[in-house]
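Some notes on the structure that comes next.
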Amino acid sequence: VNMERTLTIFLLLSTLLCARAFSTSGDGLIRVNLKKVKFDDTNRITSDLVLDEGDLLIESIRKYKQSANNLVDQQEPDIVSLKNYMDAQYYGEIGIGTPQQKFTVVFDTGSANLWVPSSKCIFSLACLVHTRYRSGQSQTYKANGTPAAIQYGTGSISGYFSQDNVQLGDLVVIDQIFIEATREPGVTFLAGKFDGILGLGFKNISVGNAVPVWENMVNQHLVKEPVFSFWLNRKSENGEGGEIVFGGVDPKHFTGEHTFVPVTQKGYWQFDMGDVIIGGKPAGFCTNGCSAIADSGTSLIAGPSEVVKQINDAIGAAGVLNEEYQKAVKLLGSHVFDQLVNSVENATQLCAHIGACPRQPGASSIGIKSVVDSSDDVSSGFEDTPSCTACKMIVSRAHSELMENETRDSILNLGSDNPLDQSIIDCAKISSMPTISFTIGGKEFQLSPDQYILKVGEGASARCISGFIALDIPPPRGPL
């Protein structure tokens with residue numbers, strides 16, 4: 001697999017934003033473009049239920065990674081366009097059925113199943129705000145009905161298998177097995193800017209042993225070469241977010257030669273990696289070698305907690321939000337639980353109601369003295385953005401727990417599992433931060449500070465998030 005930026009990006013697709021953008025040119029490549037779109041009132045429909053724009057991004061960075069406990073060990077290239085949401089989420093469009101029903105999906109090399117919401121999903125809000133598959137409207141639908149469920153790191157879906165044709169660009173995969181999701185509990189997929197996920201991993205991590213879309217492309221001789229590749233565009237001015245190419249690589253989007261390394265274990269796209277270089281000095285993390293995966297379903301560069309902490313310490317990043325989250329759970333957890341049980345408001349309103357965020361005109365507060373008051377001369381340390389964000393994150397996660405019928409105790413323990421392990425950096429210090437390099441195939445791949453820092457917002461309100469996040473994969477799959 002050739003991927004120009006291989007380890008860092010979370011692909012998300014938005015039904016509301018996606019327009020068909022296929023093109024075929026004289027080079028024989030079928031392109032599906034990625035678009036970069038502005039956050040508008042339409043997209044705010046779902047995010048207002050949970051968080052504001054910046055907080056939604058931080059929440060959605062959480063990995064939709066399939067739980068490690070569930071894992072067991074002729075045509076021209078076709079290009080599918082991707083959209084880019086805030087340089088952290090990339091997503092594209094596919095069609096299912098005859099005539100086509102359009103869906104936006106994550107192209108995720110870290111999982112292996114295709115799923116989209118079903119028209120029979122009527123009790124999950126996430127389904128109701130996304131496009132749903134209607135089997136009765138497809139002439140090529142074939143019933144299956146076998147139950148299926150996938151547990152991701154921060155969410156889950158369940159439903160049943162169905163079979164239909166799937167179109168990507170100009171390629172049509174015949175009789176693809178996929179999951180119609182009839183349940184998407186909690187807020188994880190409600191906040192997502194995509195309808196479903198298209199897994200590009202190997203069959204041995206596929207739920208139900210379903211043959212993945214990519215394997216069917218090869219088996220049905222739809223691609224010239226058994227290669228797919230990503231181009232992910234950053235800071236684009238014209239909205240072009242990138243592309244995924246099935247059957248080859250697009251020479252317009254790289255210079256020089258690709259570096260190839262063997263896949264060492266099928267499941268994820270896993271390979272061996274050498275040491276991490278920080279500011280020109282070997283960190284010693286991988287003196288005896290490390291295993292890594294190229295995962296298009298992760299927004300940031302993920303690694304074992306110990307390693308990520310040392311990298312973040314070296315670049316001066318601190319887990320500010322996590323500290324605020326811990327404080328907020330201790331101070332506000334019970335109030336959040338009580339308000340949610342009584343179905344009070346959305347996250348922004350609830351946090352204003354209990355005094356953790358600035359109140360809107362006319363809003364009431366339950367008057368917790370240690371949080372911000374409307375008076376200018378009252379301060380408590382909760383008036384800053386991280387603390388308000390922390391409250392809204394509690395609401396988001398607590399709501400998810402309630403949907404799963406969890407107890408007050410489980411919600412009040414939310415602060416113990418490090419949910420806000422993203423680290424914050426002072427945006428003014430970016431220019432003085434070190435280069436971070438990864439050794440792959442004997443070659444050093446360098447990242448400058450402005451490449452490994454994710455900037456959310458502009459001006460005085462901008463927040464800079466470290467591009468390194470803790471993700472501990474237990475043996476035998478991990479550490480990765």
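Note that Cβ sites are derived from N, Cα and C of the backbone, with glycine treated the same way.
Automatic prediction, not curation, is the source of TrEMBL annotations.
ASP108 (active site) has a Cβ environment of 26 other Cβ atoms inside 10 Å. Residues or ranges marked as active site by TrEMBL: ASP108 (among others).
According to TrEMBL, the feature active site maps to ASP295 (among others).
Taking all protein chains in view, 23 other C-beta atoms sit within 10 angstroms of the C-beta of CYS121 (disulfide bond). What TrEMBL records for CYS121-CYS127 is disulfide bond.
For 90-480, the entry in TrEMBL reads domain 'Peptidase A1'.
Residues or ranges marked as signal peptide in TrEMBL: 1-21.
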Which recorded positions (CYS121, CYS127, ASP295) fall within 10 Å of ASP108 (active site) by Cα distance?
ASP295
Here are some recorded positions: CYS127, ASP295. Which one has the most Cβ atoms within 10 Å of its Cβ?
ASP295
Alpha-carbon spacing, ASP295 (active site) to CYS127 (disulfide bond), which is rounded to whole Å:
25
